[in-house]
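Participant: Following this message is one structure expressed as structure tokens.
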Number of protein chains: 2
Amino acid sequence: MFNDQFLKSCRKEAIDHVPVWYMRQAGRSQPEYRELKKKYSLEGITEDPELCAYVTKLPVDQYDNDAAILYKDIMTPLPAMGVDVKIQKGIGPVISNPITGMRDVDALTALNPEKDVPYVLDTIKLLRKQLNVPLISFSGAPFTLASYMIEGGPSKNYYKTKGLMYSEPETWFKLMDTLGDMVITYVKAQVQAGSQAIQIFDSWVGTLNQADYQFYVKPVMERIFNELQGEGVPLILFGIGARHLTLDWNSFHLDVVGLDWRYPIHEARKDGVTKAVQGNLDPTVLTAPWRVIETRAKEIIDQGLEQPGFVFNLGHGVFPEVDPAKLRQLTAFVHDYSKEVLSKRNG
Amino acid sequence: MFNDQFLKSCRKEAIDHVPVWYMRQAGRSQPEYRELKKKYSLEGITEDPELCAYVTKLPVDQYDNDAAILYKDIMTPLPAMGVDVKIQKGIGPVISNPITGMRDVDALTALNPEKDVPYVLDTIKLLRKQLNVPLISFSGAPFTLASYMIEGGPSKNYYKTKGLMYSEPETWFKLMDTLGDMVITYVKAQVQAGSQAIQIFDSWVGTLNQADYQFYVKPVMERIFNELQGEGVPLILFGIGARHLTLDWNSFHLDVVGLDWRYPIHEARKDGVTKAVQGNLDPTVLTAPWRVIETRAKEIIDQGLEQPGFVFNLGHGVFPEVDPAKLRQLTAFVHDYSKEVLSKRNG
């Protein structure tokens, strides 16, 4: 039987229990995954639909989560655009040909998902046959992708990214447009292949203040959500430390606003967030004894259930040192406790 | 003639021009400093009062800034407490004996500034003879210091720090108390030696949500400011991404709240910040053409001057790639533009 609680929550419909998934639920916190990574690279897993479907489905089976999220990286579509990116252990994505000006932006090619990343679409098709929960696909957002492409890798202060943005606005907007086109094409292909929800990761955009966000980034984000709203699947937007941008996000044609752990759900709603919300347990709380985890989870569920439209998640990705047993216990708790609250309310 | 504009602004008194200083104004953005660092380590400079005074004074002379900030590191007092810390190039502080539990906290010894860091006090005395602007000294705050001491170095997610905090509250509060004692002793000795203002850096505390901050960190911060308010020098508190904690900060016995670039001054005041404010140009804007820098600086000055009590600074430290000529030009602009605004206002 198909479990549609996640899709219902995204659409602010009535639910029986609060749906749960975890950012990076498939990854280095799982011993099975760490074992696989001894033999396969991230790309090796991504490009093998059987293996990638296994990795994607594993946490759903193990934790009883209400949604799967396709295993891949936000960098996955970039090589086809001409970006020479390698995922380096302990560092993250490293790019040998960073963007330094208009010439580099002009050299980027358009993504053709069927030709360039057929394995992504094949994995989606395969997973739709295997899963009895919704499959979420995702894409990086233009700012976050651009930050890697300009810095040449992960960054602390994004000074090259902002330097290009402030100094060469024409180059910047061309890059935003090119990446915006990619996101739209990539997401549409993933939905066409069978993805039932989309999360856009603008992980690092919180480094911009609101005025810069509104001028340099908001237009492309508006275009992306305008183009995607007709696809018929819930659209989620997430970033770290982006509380000061949340009302801009709430104005987009999207369904769910992701909150990090520093923005309590009831404050977000009080501030004017009208969309469904997703979040927001600090993943570091998972290192605490169970009574601490339970207290925090309860607070979040209580706040989340005050209005329709709530998906339980962490406020950032699961990190490698988290014990999978804690995640299993947490999912069970969210299900049980929210069922109790909801059945009291309805009965 | 002594330039007291900075002290007056901290105390919300009338000024002739907006005072300026820059976090990390002495550092790798200066060719003279980079040259020195070929021969001397950070510790080598810090422990040599003549040299340290030269490094501290250089940006004041070069940029015409209204305050000096003593060159040293937030790690400087820790070795005397038993922390084996080395500043490693390209990484930052690396600690070979991180705190893992109560035994490690119990082993920390109290700081005796006169005996343990006499060079800090000697440099302050020397600088007071050389400077015609106020000398700011500083200390790291307990949370930020603890994060290095527990992680063993810089961190992205602070999971060991928060893990200890959530799992062993007794150990955590003992560590906060020990570091709180150190901060109080260290700051008092620096004021005694002649420092005319103190900035407390709680650089990374913004990683906590407000509820955790209020429970795990606020008590020690209250104690620190209660103990220091009688010292007769302005007290400044600064951290990155700490907008959600700013009203807690505003309740402390301090004089100036430091804002990062994502929290516009007029919003902070509208939200209830009643102290003087310091900030908050995004340092990455310094990579932009001058017209962009000028526009942003102007906005900040206009907002800052709406109420008494404003110190112009960046929203984070100067980074190595910043051109010193831009900083010189920026200081001159803040002085000239604010003089113009203030003299018009006064008729």
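Including glycine, each Cβ sits where the backbone N, Cα and C put it.
No curator has checked TrEMBL annotations; they are predicted automatically.
Model, not experiment: these values are computed from the prediction.
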Participant: Starting from the substrate binding annotation in TrEMBL that includes B:Arg24, B:Gln25, B:Ala26, B:Gly27, B:Arg28, B:Asp73, B:Tyr148, B:His316, which of B:Ser203, B:Ser251 is the extra site residue?
Facilitator: B:Ser203
Participant: Which residues of the same chain, at least 6 past either end of the domain 'Uroporphyrinogen decarboxylase (URO-D)' (B:136-152), have a Cβ under 8 Å from a Cβ in it?
Facilitator: 21, 67-70, 72, 74-75, 77-78, 83, 85, 93-96, 98-100, 120, 124, 158, 160-161, 164, 175-176, 179-180, 183, 186-187, 190-191, 195-205, 208, 216-217, 220-221, 224, 236-237, 239
Participant: If you count CB neighbours within 10 Å, which one among the binding-site residues B:Arg24, B:Arg28, B:His316 has the smallest count?
Facilitator: B:Arg28
Participant: Work out, from DSSP, the number of helix, strand and coil residues along the domain 'Uroporphyrinogen decarboxylase (URO-D)' (B:19-28).
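Facilitator: Here the numbers are 0 helix, 1 strand, 9 coil.
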Participant: Here are the recorded positions: B:Ala26, B:Asp73, B:Tyr148. Which has the lowest count of other Cβ atoms within 10 Å?
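Facilitator: Ranked by other Cβ atoms within 10 Å, the recorded positions B:Ala26, B:Asp73, B:Tyr148 bottom out at B:Asp73.
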Participant: Any idea what the Cα distance is from B:Arg24 (substrate binding site) over to B:Asp73 (site 'Transition state stabilizer'), rounded to a whole Å?
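Facilitator: Answer for this pair: 10 Å between alpha carbons.
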Participant: Substrate site residues B:Arg24, B:Gln25, B:Ala26, B:Gly27, B:Arg28, B:Asp73, B:Tyr148, B:Ser203, B:His316: biggest Cα-Cα distance, Å?
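Facilitator: Roughly 23 Å, rounded to the nearest whole number.
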Participant: Quick one: of the recorded positions B:Arg24, B:Arg28, B:Asp73, B:His316, which have a CB under 8 A from chain A's CB atoms?
Facilitator: B:His316
